[in-house]
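Since the structure comes first, as structure tokens, the remarks are kept for the end.
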Amino acid sequence: MEGNSILHGKRILSVGAGSMAEAIIRGLIHANAVDPSQICVTNRSHSDRLQQLNKLYGVRTVEGADTHAKVRELAAADVILVACKPYDVANTLETLVGKIGNPVILSVAAGISIPLMESVLGGRPQVVRAMPNTACAVLQSATAVAFGQYCTEEAKRLSQEILSLLGTVSVVEESKMDVVTGVSGSGPAYFYYMVEAMQQAAESMGLSPETARTLVLQTMTGAAKMLQETGLDARELRRQVTSPNGTTMAGIRALEEADFKELIERTISRAAERSKEMGEQQASLLVDRKL
Ligand SMILES: NC(=O)C1=CN([C@@H]2O[C@H](COP(=O)(O)OP(=O)(O)OC[C@H]3O[C@@H](n4cnc5c(N)ncnc54)[C@H](O)[C@@H]3O)[C@@H](O)[C@H]2O)C=CC1
Ligand SMILES: O=C(O)[C@@H]1CCC=N1
């Protein structure tokens with residue numbers, strides 16, 4: 001662990017202990033970027049889940065109901081990772097008001113806008129909205145980030161440092177976050193779906209499950225490495241696989257007949273729309289509550 005890192009001695013409190021919180025915690029611990037004692041996790045319920053995270057990663061935990069300990073953790077936090085479901089964000093942030101200093105509020109919640117979070121927190125909170133993906137767990141996330149109006153340079157550097165330990169970081173305008181969510185937040189699931197489909201097809205055509213898994217996984221990994229390491233774009237790499245009138249051409253033709261590119265556009269667009277919709281729902285609930 002680097003003693004001179006901007007993360008040195010910083011306290012990170014994760015509000016939420018689900019898949020995304022675990023992916024980030026696992027990544028930070030595996031990157032050897034923080035000492036487990038710098039991370040504390042809290043959850044609304046399920047103390048067995050907190051115990052599990054403590055056992056797996058050595059992080060500290062506080063139970064939702066453990067009020068004194070929680071108040072202490074909130075007051076001391078340098079970064080509060082908001083990793084609960086989008087519909088829980090506003091209520092969760094409300095419970096922080098008056099109990100926190102001026103930490104970086106690092107939200108990974110899909111759809112929930114920076115202005116909404118700023119308005120719930122009141123004052124001049126340092127809100128950072130990020131959209132990582134679960135590959136944080138293996139330090140390969142494609143993360144996009146947008147900064148709120150009250151973020152200091154230090155807050156921007158701190159959040160970027162944390163996120164860049166977990167993979168690539170692209171700074172975007174907040175208005176692009178729904179699209180980002182459709183592309184790279186949900187993206188791993190499309191990829192896994194493709195893997196499932198290829199494995200299923202391979203098995204139904206007579207390959208053993210083990211052979212199907214090995215061939216499909218290595219094909220995906222090899223193709224991803226070719227994209228990264230050759231610097232060639234996908235179209236050129238595809239051309240190199242496609243012999244005139246050969247097998248690949250026959251396979252690609254089936255994808256074209258099914259309008260594969262249009263299907264992918266629809267897939268990303270639906271996910272992006274859902275992100276926008278979730279944000280709008282939460283914003284209107286908040287307006288209703290204030291009336
Ligand atoms: N799963 C993914 O691939 C990605 C998820 N996200 C975002 O991450 C967030 C979490 O998603 P998941 O981890 O998949 O959900 P999840 O359902 O696995 O975890 C959410 C956790 O938050 C806890 N929680 C709810 N309210 C709380 C409160 N007031 N205090 C403490 N804990 C509370 C719940 O008990 C639960 O453990 C969501 O907002 C999602 O949009 C973002 C990028 C990718
Ligand atoms: O499915 C979801 O809503 C979350 C956000 C991006 C990936 N998973």
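The backbone N, Cα and C atoms fix where each Cβ goes, and this holds for glycine too.
Sequence annotations record features per position, and here TrEMBL assigns NADP(+) binding site to Ala83, Cys84, Lys85, Pro86. DSSP assigns Lys85 (NADP(+) binding site) to coil, not to a helix or a strand.
The domain 'Pyrroline-5-carboxylate reductase catalytic N-terminal' annotation in TrEMBL covers 15-111.
According to TrEMBL, the feature domain 'Pyrroline-5-carboxylate reductase dimerisation' maps to 174-278.
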### Cβ packing number for Ala83 (NADP(+) binding site), 10 Å threshold
27
### Residue counts (helix, strand, coil, in that order) that DSSP gives for the domain 'Pyrroline-5-carboxylate reductase dimerisation' (174-278)
90 helix, 0 strand, 15 coil
### Query
Do you know the DSSP helix, strand and coil residue counts for the domain 'Pyrroline-5-carboxylate reductase catalytic N-terminal' (15-111)?
45 helix, 18 strand, 34 coil
### Query
Using an 8 Å cut-off from the Cβ centroid of Ala83, Cys84, Lys85, Pro86, can you name the remaining same-chain residues around the NADP(+) site, in sequence order?
Gly16, Gly18, Met20, Val82, Tyr87, Asp88, Val89, Thr92, Val108, Ala109
## Note on the structure
Sparsest Cβ environment (other Cβ within 10 Å) among binding-site residues Lys85, Pro86 belongs to Lys85
